[in-house]
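Enquirer: Shown below is the structure under consideration.
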Ligand SMILES: Nc1ncnc2c1ncn2[C@@H]1O[C@H](COP(=O)(O)OP(=O)(O)OP(=O)(O)O)[C@@H](O)[C@H]1O
Ligand SMILES: O=C(O)C1=C[C@@H](O)[C@@H](O)[C@H](O)C1
Ligand SMILES: [Mg+2]
């Protein structure tokens, strides 16, 4: 028995669909939706500005706080792509159901055209996306209870598949 509600947490690389899919999964399950990027922007301002004014290490600290608060709230929680880098966050995720969203590099390029992601700013965005994903992949895979690829098909098909998976009791729940 856990003291706080278990969240359904979406992790994965930039542009995999954590925000857009997570919002729709929450609607399908009739539960709350929190996106840690959206939450921290509300409190601290735009992400590129935070990186420019205070650097990535500072961003990771406030991201860590946003993740902790969001996990306590429960429901569906979409993390920023780099939140998995924090060891405390990785530890916290063990108490929740974690879904890894993946996407093929050929597909993601078209999804990353806006300038909201400072780690992809400027030239060579796709080369950096690929390197960052390769570096974090073991952390994503270690944390994930299930993986869904968002590269093809309608977004709603991924949403439905995750909602169906989420409704299936975990072995722990079955035997509780
Ligand atoms: N399955 C999908 N099919 C088509 N387009 C998608 C899909 N998932 C996301 N998109 C589009 O890709 C863009 C990026 O998606 P989104 O912001 O949800 O990614 P993210 O994983 O939250 O990225 P970040 O880590 O930067 O927060 C959005 O314009 C979204 O509409
Ligand atoms: O993958 C990352 O490191 C990031 C992903 C976005 O969700 C934002 O949290 C920010 O742009 C950094
Ligand atoms: Mg997002």
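In case you wondered, yes, glycine gets a Cβ from its N, Cα and C as well.
Per TrEMBL, the features are:
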BINDING   15, 16, 17, 18, 19, 20, 117  ATP binding site
BINDING   19  Mg(2+) binding site
BINDING   37, 60, 81, 136  substrate binding site
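Tell me about the setting of these features in this model.
Expert: The 10 Å shell around the Cβ of residue 20 (ATP binding site) contains 18 further Cβ atoms across the protein chains shown.
Long-range C-beta contacts of residue 19 (ATP binding site), restricted to its own chain and to partners at least six residues apart, with a cutoff below 8 Å, comprise 35, 37, 38, 78.
In sequence order, 82, 85, 86 make up the list of same-chain residues 6 or more apart from residue 60 (substrate binding site) whose Cβ falls under 8 Å from its Cβ.
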Enquirer: For ligand 2, pick out the binding-site residues 15, 17, 19, 37, 81, 117 that have a CB under 6 angstroms away from one of its atoms.
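Expert: Among 15, 17, 19, 37, 81, 117, near ligand 2: 37, 81, 117.
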Enquirer: Beyond the listed site residues 37, 60, 81, 136, identify every same-chain residue whose Cβ lies within 8 Å of the center of their Cβ atoms for the substrate site.
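Expert: Apart from the listed residues, the neighbours are 14, 63, 79, 80, 82, 83, 84, 85.
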Enquirer: List, in sequence order, the same-chain residues at least six positions removed whose CB sits under 8 Å from that of residue 136 (substrate binding site)?
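Expert: Counting only residues 6 or more apart in sequence, the Cβ neighbours of residue 136 (substrate binding site) under 8 Å are 13, 81, 82, 84, 85.
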Enquirer: Select, from 15, 17, 81, each of the binding-site residues with a Cβ positioned under 6 A from at least one atom of ligand 3; if none does, say none.
Expert: none
Enquirer: Hey, does DSSP put residue 117 (ATP binding site) in a helix, a strand, or just coil?
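Expert: Its secondary structure by DSSP: coil.
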Enquirer: Is residue 15 (ATP binding site) helix, strand or coil when read with DSSP?
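Expert: Where residue 15 (ATP binding site) sits, the three-state DSSP reduction gives coil.
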